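Trainee: Before we start, here is the structure in question, set down as structure tokens.
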Amino acid sequence: MGDNKSNGDSGKLLYCSFCGKSQHEVRKLIAGPSVYVCDECVELCNDIIREEIREISPKQDQDRLPTPHELRAHLDDYVIGQEKAKKVLSVAVYNHYKRLKNATPKDGVELGKSNILLIGPTGSGKTLLAETLARFLNVPFTMADATTLTEAGYVGEDVENIIQKLLQKCDYDVEKAQRGIVYIDEIDKISRKSDNPSITRDVSGEGVQQALLKLIEGTVAAVPPQGGRKHPQQEFLQVDTSKILFICGGAFAGLEKVIEQRSHVGTGIGFGAEVKGEADKATISDVLLQVEPEDLVKYGLIPEFIGRLPVLATLAELDEAALIQILSEPKNALTKQFAALFEMEGVELEFREDALKAIALKAMDRKTGARGLRSIVEGILLDIMYDLPSTENVAKVVIDESVVKGESAPILIYEANETQAAVAEQ
């Protein structure tokens, strides 16, 4: 090490002017006018500057709020269909963050929160919409499952744990957390068992709705730092939830029947009832478009809770064409993700049109919507992903309808232009 260092013109041992280490203790010593700095101090300075830039950048990004058109355009890149829901969400999210930017509005007019309720079947894109918006806006995002929540005093997850999770996502930075988005899934599962108020305790239903009321409307939640209640002497973090956007979602199975009873859409009983054919019946998605707050009360949500979710958007069930689009068109489409995985092995992956259609039909049969697509594709590609790293000279893998149906193995195209069917192990 000493061979690479000079002791200077005078032959004296040189030291870093910042940390005091000698030239023999560091890799490099940079000389200036009567000053020396070592490589370790240079690296430390770079780290400090990079950290400061990281802290400043998000604040600069937050200064400009994307317009509803820009929000919608970003959603279009990742979410197929659901045009009305995307429009409703874009406007609601824009208004929410505009309210935060103008904390003291003119004329003393106080702007209310625009929390959102999403109604749609499993796998229709409720979670994806919320997650995509949070990522685009560069704000903390967390998810909670309403079925795990209980009111205070009961065994289960306290509603304030939701804020705890949000804080964890931003390293307990309260300022960042207060600009975050919380998505509460399965909100329909905490509906009252009947629309008549009960004198008995309903731990998983109305009680949880009551517990969520203040949190969603806006309160100062006291959250223990770093998630521990073991040290009572620690000061609790104070989080203002009036600045947090809450998006609640649920499938609301059977809600269409409540709407039909109110609006008499496609219903009729007795001899005077009009008998409609299958083609004339309104689809569930069409009926849900007519949902009113009174229908949600009848379903089991308390009026106060519905009042805290003023923005309502319904999502349609995904049909075959939409599922095919989801497989191939979005920026992070499943076929593109698996193609990238195969590319890491130096192999091209191709899904033929008939294969995409067969995958979509499988998902529809399972009634899992877009959520079930990944498990179907994983199952189809399992054997080939297992064998491929050990197989040489494969240039391309082709998936067609017969592969999806399990009637044949994927087609392998080798570099020597030799094509053969992969032999599946029995």
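Placement of Cβ uses the backbone N, Cα and C atoms for every residue, glycine included.
The following feature annotations were taken from Swiss-Prot:
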BINDING   Cys16, Cys19, Cys38, Cys41  Zn(2+) binding site
BINDING   Pro121, Thr122, Gly123, Ser124, Gly125, Lys126, Thr127, Leu128  ATP binding site
DOMAIN    4-57  domain 'ClpX-type ZB'
Trainee: Do you know offhand how many angstrom separate Lys126 (ATP binding site) and Cys41 (Zn(2+) binding site) by C-alpha?
Mentor: 49
Trainee: Taking 10 A as the limit, how many CB atoms besides its own sit near the CB of Cys38 (Zn(2+) binding site)?
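Mentor: Counting Cβ neighbours of Cys38 (Zn(2+) binding site) within 10 Å gives 24.
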Trainee: Which are the residues of the chain, Pro121, Thr122, Gly123, Ser124, Gly125, Lys126, Thr127, Leu128 excluded, whose CB is within 8 A of where the CB atoms of the ATP site average out, their centroid?
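Mentor: Once Pro121, Thr122, Gly123, Ser124, Gly125, Lys126, Thr127, Leu128 are set aside, the remaining close residues are Gly120, Gly249, Leu315, Gly369, Ala370, Arg371.
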Trainee: Any idea which of the binding-site residues Cys19, Leu128 has the thinnest Cβ neighbourhood at 10 Å?
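Mentor: Cys19, out of the binding-site residues Cys19, Leu128, has the fewest neighbouring Cβ atoms within 10 Å.
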Trainee: In angstrom units, rounded to an integer, how far apart are the Cα atoms of Ser124 (ATP binding site) and Cys16 (Zn(2+) binding site)?
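Mentor: Cα to Cα, Ser124 (ATP binding site) and Cys16 (Zn(2+) binding site) are separated by 62 Å.
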Trainee: Which residues of the same chain, at least 6 positions away in sequence, have a Cβ lying under 8 Å from the Cβ of Pro121 (ATP binding site)?
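Mentor: Listed in sequence order: Ala251, Ile284, Leu315, Glu317, Gly369.
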Trainee: Any idea what DSSP makes of Gly123 (ATP binding site), helix, strand or coil?
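Mentor: Gly123 (ATP binding site) sits in coil per DSSP, no helix or strand.
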Trainee: Can you tell me the mean pLDDT for the domain 'ClpX-type ZB' (4-57)?
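Mentor: A mean pLDDT of 81 is what the predicted model shows over the domain 'ClpX-type ZB' (4-57).
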